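Per Swiss-Prot, the features are:
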- 39-148: domain 'tRNA-binding' (DOMAIN)
- 399-474: domain 'B5' (DOMAIN)
- D452, D458, E461, E462: Mg(2+) binding site (BINDING)
- 703-804: domain 'FDX-ACB' (DOMAIN)
Amino acid sequence: MQFPESWLRSLVNPSIGTDELAHRLTMAGLEVEETEPAAPPFTGVVVAHIVDIAPHPDADKLRVCQVDDGSGALLQIVCGAPNAAAGLTVPLARVGAELPGGMKIGVAKMRGVQSSGMLCSARELGLSQDHAGLLELPAALRPGTDIRAALDLDDTLFTLKLTPNRADCLSILGVAREVAALTGTPLTAPAAEPVPVTIDHRLPVAIQAPDLCGRFAGRVIQGVNARAATPEWMKTRLERAGQRSVSALVDISNYVMLEVGRPSHVFDLDKIGGDLSVRWAREGETLELLNGQAVALDPKVGVVVAGEQVESLAGIMGGEATSVTLDTRNIYLEAAFWWPGAIAGRARRYKFSSEASHRFERGVDYASIPEHIELITRLILDICGGQAGPVDDQCVNLPVREPVRMRLARCHRVLGVAVERAEVAQIFTRLGLPFQEQGDDFVVTPPSYRFDIEIEEDLIEEVARVYGFERIPDVPPVARAKMHAQPEARRGAHAVRRLVAARDYQEVVNYSFVEAAWERDYAGNDNPVRLVNPIASHLSVMRSSLIAGLVAIVRHNANRKQSRVRLFELGRVFHRDPQLADGPLEVAGVRQPLMLAGVAWGGAVEEQWGVPHRQVDFYDVKQDVEALFGARADALRFVADRYPALHPGRSARIELDGQPIGWLGELHPQWTQQADLHHAPVVFELDFEALAERRLPAVRELSRQPAVVRDLALWVDAKLPAQAMLDTVAAAIARDPQLSVVQDAQVFDVWREKPVAGQTVTEKSLAFRFWLQDTEVTLDEARVADCIARIKDALVAAHNARQRA
């Protein structure tokens, strides 16, 4: 909201400067976003009167003016402005004047004729971009008067950034109330005595929708002169408040809206074809608005109709059909209280906004409508003339303002400072909040213009604002420092984040709400948790997997020429669970486990001239996952399985101690192609609880004996997983004390014979490497051979394996 300081000071004029005024408003919650001068700095410009004008002897487009600048002698000024004429009052930059931009005025000869100064346009003074001619000033201004004083150009324009709850401050009067409360300066509110009623013409109005309109008032005014000029003082205030002057009737309506916060509408009475009705629109109805936009209406939008013809979009904008023009003679002046809920969001549906809707959807004073009708009428009669009829005022459904109780002790506790009872009473009085004292409580009845006061904390906020946040002492919080034991067997989210980051992954944070298609495609979830009020229409469901969001970020980076992307996210997912009840951290019916997901795409390692380039694959990311589990990695199992987001032949279910904890695999080719990725990213998703638990390190004796390495190659069924054989080896070691010296076993080679035409390969060779070491003695060949034989026998018995020659 923008307004000139002079307008504000016409209602309340505290003895403080502009900067202090801006500071106090900001500290009271009315943020002054910007202050700027009404005009740029310039000097030496005065009011002047063109006494005579003659053609230039050597230039057709120039004229020689004799100008009275109040000094007692006429100045000769050469001017080329098309509107220069005798009798005109204009700005004159005297010799020695300095204009915006640093231009200095001196005596000059123009085509042989001396010019002692310059007559100025609005653009040359920095007042507007208008340079079509000289700036015409009111004839009543005295020549020689400094132009800055004559036009109040030292005024300051305030721009406020208001919060949505402070609708009462969307007017000069509202801001003036605040200034009066903050400074204790008396407030002079705009007022008008009821105008004499000289005609008895009325326009019947029926309110058919009390849930739309709670109060409707209006009056007929006949014989107005719509061509009357808007007074300069009003035009200046409107322009400095960011409003364009249109015509006297429109300007008066806008002026009162800005001054007292009362949107109103002026109908051309002769264009209204019947009695007025206020109702909800009907399907199929249309309206051409004042901005030229034609809109299709529906029952969710309020309208004012004449007979069956829609004339106005209630609380938003009038219609073109009944708009006033310069030929208008008779008008109907309307002001109403529209329920905020009935106006909110309606203008945005039609992709525009209006000053009226901006105010009505936040709440406009419903008690002062008759007084404001009189104020507007007085201005119309004074400027445009006419005869006023009686005011018809219908009240059908006004808000009931329930008293709000504020406990003084509660106020002290919330603010952290003991504001005296007398000062609290004074604050409420200065704010215009009627109250009663009941013991240590204040019972306040919110005024009709304060829609933001509903609960006790609202009143405490009012006390804090006027008391002054700067007066509240800074008190550091005091708490008993208590050491909490951190269990070694469990790690927190930050520790897990550091682990993943150490594996060359970068953390991202996505929205928890996603597209419904993502849930269906990536998680196979046809019944996700849906949002009642999504922030965007496509983000309509809660995610049950983190994978889709990571793939979307990979796509975003790939489109921007990134060739290697490694990301992770730690966040909650949402699953339906009818068995889950409400709790401190739970919502009934929705399970919210914490998950860790990662994605790797592009090169397996950073590009380096001495290292062959290859794409990251399943086993690279499998190694990353195993590294996250540390000593518990030997309890991990990767079981071939299918998941909607993953490649059917390159995906695995991750199990820990036999329990499923997540998934690992390449992205499904369909989703890879859909994301326009030239090769598939590898993704994983893990239950955080499985990662949080860790195995404590066990101290064991460090062997001084050399290790022995032996290899064993076996033929087995081609479909047998290598992990099954490693599990058999681990079971044999645990069961047989003689195998306690076997420290590790790994697969180091897989070999298959080339298939013969028409035949399938039924066997494969798996080569295992074993590390054997004793802590007491050096192992001899007999002991080593015996251990390898025992392992081979266990594998033969369990998997029908045979040793490869």
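We number each residue from 1, going along the chain as drawn.
Including glycine, each Cβ sits where the backbone N, Cα and C put it.
A map of Swiss-Prot features onto the structure.
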residue	record	contacts (Cβ under 8 Å, 6+ apart)
D452	Mg(2+) binding site	N165, R166, A167, D168, D458
E461	Mg(2+) binding site	G29
E462	Mg(2+) binding site	I427, F428, L431, L433, I453
For the domain 'tRNA-binding' (39-148), what is the mean per-residue pLDDT, to the nearest integer?
91
Take the mean position of the Cβ atoms of D452, D458, E461, E462, the recorded Mg(2+) site. Which other residues of that chain put their Cβ within 8 Å of it?
N165, R450, I453, E457, L459, I460, R465
Relative to the Cβ position of D458 (Mg(2+) binding site), how many further Cβ atoms are located within 10 Å?
16
